[in-house]
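Record features (TrEMBL):
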{"type": "TRANSMEM", "residues": "B:7-26", "note": "transmembrane segment"}
{"type": "TRANSMEM", "residues": "B:32-59", "note": "transmembrane segment"}
{"type": "TRANSMEM", "residues": "B:105-128", "note": "transmembrane segment"}
{"type": "TRANSMEM", "residues": "B:140-161", "note": "transmembrane segment"}
{"type": "TRANSMEM", "residues": "B:182-205", "note": "transmembrane segment"}
{"type": "TRANSMEM", "residues": "B:211-228", "note": "transmembrane segment"}
{"type": "TRANSMEM", "residues": "B:257-279", "note": "transmembrane segment"}
{"type": "TRANSMEM", "residues": "B:291-311", "note": "transmembrane segment"}
{"type": "TRANSMEM", "residues": "B:323-342", "note": "transmembrane segment"}
{"type": "TRANSMEM", "residues": "B:354-378", "note": "transmembrane segment"}
Amino acid sequence: MLQGYAVVGLYLLMSFALLGATLLLWWLLRPKKPNPLKLETYECGVQTVGDAWVQFRAQYYIFALIFVLFDVEAVFLFPWAVAYNQLGLYAVIEMALFLLLLLGGLLYAWRKGALEWV
Amino acid sequence: MEQIYDFIYNLLPYFGAWLRGLLQGWGFPEWAVALTIGLIKAFLLANFGLIGFAILTYVERKIVARFQDRLGPNLAGPYGILQPVADGIKLLTKEDTMPVGADRWVYNLAPLIIATCALAPLVVIPFGPGAIGADLNIGVLYALAVGAGALVGVLMAGWGSNNKYALLGAFRAVAQLISYEIPSVLSVVVVVMVAGTMSTVGIVLAQDIPYLFVLPLAALVFLMSGVAEVGRTPFDLLEAESEIVAGFHIEYSGMKFALVFLGEFVHALVVSALFAVLFLGGWRGPWLPPYLWTLIKMSLGIFLFFWLRATLPRIRIDQMLNLNWKFLTPLMILNLIGVALVDKGLRAAGATTGLWAVGMFAFNMAMLIGALALPGYLGHRARMAAMAPASEEEGEALEAAAAH
């Protein structure tokens, strides 16, 4: 098992190294003639006004919160799913109740308008 | 004849055994043999991803061209098959333009992170019995978790470019990708539940009947959310050319641009490979060798992606989020509960494998038809309700006009 993770680590290093090597090759081959016009921020034909690093809408934050909720749920679900074949009806119903509670939470967020894109 | 067939059929395991024997024959200690084999595996897998990317760019252009009644690339080499090489050379000799306001480190690291995270799940895709990078016992979870890491790269690219289009694209990407992670995970949970293991090899071995026929609803939802996670049409809001020009990778040129695209194509490859492993029975199939079956099943998924791109228009962001949060997520939660109960019920009733599969299929199809019929009915009612007062007002207006 540990050997498997070693292969995963080797693989990640290898793909990072190969991609880095292409970037290095590019650095060797590419022309380097910068001028101020080329290095401007892209905008449709006009000068960019202001910085892009601004405050943004809180809407994304709400979606992220709901996502975290469901992702944590997935963490609980995976061990249950692996052990499912050995579990009795009781554990299945318990997990169904847990999921229904979460579904209730989703419906609540829905009713509150958290899922509306405005 | 028999021997040749056997050799071709078991090519990958024979190659592994030959390599191991060769290295041991040279007097390598056990750890060095393992390390060398690991390195060779890693090299082959990474190159599978990179070469797959090169081939896919050509195949996509060719297939989409055929859908649109064009020839596609046909000048570089016979049938244009050297087009990826020409593209690669062109991208290698492009100048690097980093916008002045960009965050140097974040901007330059983002393509590398996107591409590496997209390549990472390939290591748990089995190409045949014994032909797998690493058979982790949490294989599916690993693939999902590492694949989602590309999201960080996307956000880095959008934020680091200091460009408004890029930032908008990155925000859209985050909203979309994290949303569709949920139905995707829930459909994988259903498969893990029925197979009883998270190892990709274990899931393939458990599929005496491909899960596409046992759990069609989960397969459909996995494919849909896979398309959304890769960010291809009809869910390509994160790089909508006509609105935000190219989204998060607008400021990238040359090889960095190629790495971002590599991320997208390899992600598509990985999603279709996972689809093949989870729902189509992986390497299993008659006559042909296992690695060919894996490739055939992967290309089926890929072809579906291209087909969707050639057929469907892009949808709006609110429609996309509604589809996920108000339809797919509740549906998949109910489906998970339903499949668990039906499976327990069928097993308690002592159903044979065939009967069990038929029962599961029937339940899934009933769920799918119900799920499609309910929003259709509700939408119809809403439209009728919206139409009724309008016609009344019109009637009043007509009466008023008649009175004058």
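Each residue, glycine too, has its Cβ placed from N, Cα and C.
Here the structure is a predicted model, which means the values were calculated and not measured.
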Handout entry: Stretch contact, the transmembrane segment (B:140-161) with the transmembrane segment (B:257-279), Cβ-Cβ under 8 Å, 3+ pairs
Key = yes
Fill in the blank from the handout: Contact set of the transmembrane segment (B:182-205) with the rest of its chain, CB cutoff 8 A exclusive, min separation 6+ beyond the ends, reads 124-126, 129, 132, 135-141, 143-144, 211, 214-215, 218-219, 221-222, 224-226, 229, 277-279, 281-284, 324, 328-329, 331-333, 335-336, 339-340, 343, 360
Fill in the blank from the handout: For the transmembrane segment (B:323-342), out of B:32-59, B:211-228, B:257-279, most C-beta pairs under 8 A are with B:211-228
Completion exercise
With the greatest number of Cβ pairs under 8 Å to the transmembrane segment (B:354-378), the stretch among B:105-128, B:211-228, B:291-311 is B:211-228
Completion exercise
With the cut-off at Cβ under 8 Å and a gap of six or more residues from its ends, the chain residues touching the transmembrane segment (B:211-228) are 176-177, 179-181, 183-184, 186-188, 190-191, 194-195, 234-235, 271-272, 274-275, 278-281, 301, 304-305, 308, 320, 324, 328, 331-332, 335, 339, 357, 360-361, 364-365, 367-368, 371
Practice task
Count the CB pairs under 8 A between the transmembrane segment (B:32-59) and each of B:105-128, B:257-279, B:291-311, then give me the winner.
Solution key: B:257-279
